[in-house]
Amino acid sequence: MQQLNPSEISEIIKGRIEKLDVSSQARNEGTVVSVSDGIVRIHGLADVMYGEMIEFPGSVFGMALNLEQDSVGAVVLGDYTSLAEGMSAKCTGRILEVPVGKELLGRVVDALGNPIDGKGPLNNTETDAVEKVAPGVIWRKSVDQPVQTGYKSVDAMIPVGRGQRELIIGDRQIGKTAMAVDAIINQKNSGIFCVYVAVGQKQSTIANVVRKLEEAGALANTIVVAASASESAALQFLAPYAGCTMGEFFRDRGEDALIVYDDLSKQAVAYRQISLLLRRPPGREAYPGDVFYLHSRLLERASRVSEEYVEKFTNGAVTGKTGSLTALPIIETQAGDVSAFVPTNVISITDGQIFLESAMFNAGIRPAVNAGVSVSRVGGAAQTKIIKKLSGGIRTALAQYRELAAFAQFASDLDEATRKQLEHGQRVTELMKQKQYAPMSIADMALSLYAAERGFLTDVEVAKVGSFEQALIAYFNRDHAELMAKINVKGDFNDEIDAGMKAGIEKFKATQTW
């Protein structure tokens, strides 16, 4: 019997090992222990980052949100029905990124940046992180340029500036989306790029908005990010951040952008759902403790950045230009309750709010802007000069009219001054009415405000104020086109414009053609 030589055996094994061709690959892999309602628990994953992408079999991805002692809680991005217990889960070492760039303009994409409009794939290769840190104090610049919404009531009383966060708040079906969509339509020739983020909306509503933008010719400079009511809570939670990243692309390159979040109440509800499924402790109204941070870290990214920031970001490719991202978040209230948890949070984060009131809407005053409660904290410095000059008495007239109208219900005989004030208030209220999808130019708006401010409406019947305004604007655009063009270009108010407007209105009133 042949005797085995241990040294010989070890030499053979060593030789075999050396010849073995195995590419070494360090893998951080775990096992799925439970799958339910879009939440996956994974055991055995080490060194996972918060917010890291986790890959499951079949190219399904998740996002790590709960890092616990012996397991990781992740939310699945997309369809989770193919996942089952015992499957493997791998760390990717990447955080979630979405496509950015001008190629997205005119397209409808989902929360992950995948096109859903049937117009073919996106041609860009550039991506950016969904979660980003907002620019610091040093890189910011004060808001001093206007964003014209095209609404008299907003641009005159609650002006919005580039880089501002202005909240639109009100009950359901009161014209919040209409106001935001009109603001986007008004930007089609302003050079401001727009992003419309729909969160938890009906697909028919989103399709209607896209159709209106297309009809108005504003879709070409707008990106629509849609996370409809049928999408998972994870995608509804991520959509605003994805839209913000797409808007920041323009801001960081010295351009101006406007983003509408429609609406953040539904995003908070989606985040609450995710948090409760992840077994996080609930707080007030069952929202998690960090629901304020959910919105503050999103809205702080809307800002006006300095020339130095843009130059540093573009490595000197763009110089001498500031960039801005203006946010119009929308919040839906229940029966006008602005003291609920999410509304108070967002009011405290933003630079002002446009409050829409049900009673005014039902009374036919549309847009139903309550001038007494609405405020713009920084927009005054950005207001167009001519609008600022002519709108001074409008807010006061409306506030006094509200007060006197309530008082007049109880008083039988009113003195002459009070009666005149009430009549003026009625005419101004009538003048502030505006049709949907009909944003006004600066010159048209200035003309309306001039007529009210200088008392040219005093002898016009309240019921005919609207037709008077339309006829006056048509007359000026036809017979005084040069003056209107000058106002639209410069936005200044001087003696020449004052005299031109006064003479034109007097001439128009003499015709009695309204």
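Placement of Cβ uses the backbone N, Cα and C atoms for every residue, glycine included.
As recorded in Swiss-Prot:
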- G170, D171, R172, Q173, I174, G175, K176, T177: ATP binding site (BINDING)
- S374: site 'Required for activity' (SITE)
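Known features from Swiss-Prot, placed on the structure.
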{"residue": "G170", "record": "ATP binding site", "DSSP (3 states)": "strand"}
{"residue": "G175", "record": "ATP binding site", "DSSP (3 states)": "coil"}
{"residue": "S374", "record": "site 'Required for activity'", "DSSP (3 states)": "coil"}
Cβ neighbour count within 10 Å of R172 (ATP binding site): 11
Which of G170, G175 has the fewest nearby Cβ atoms, counting only those within 10 Å, among these binding-site residues? G175
A 10 Å Cβ contact count, applied to the recorded positions Q173, T177, S374: which residue has the minimum? Q173
Tertiary neighbours of I174 (ATP binding site) (same chain, Cβ under 8 Å, six or more apart): L356, E357, S358, F361, A368
I need the most crowded of these binding-site residues: D171, K176. Count other C-beta atoms within 10 angstroms of each C-beta and give me the top one. K176
Of all the binding-site residues given, namely G170, D171, T177, which is spatially nearest to S374 (site 'Required for activity') at the Cα level? G170
For ATP, what surrounds G170, D171, R172, Q173, I174, G175, K176, T177 with a Cβ no more than 8 Å from their Cβ centroid? E332, L356, F361
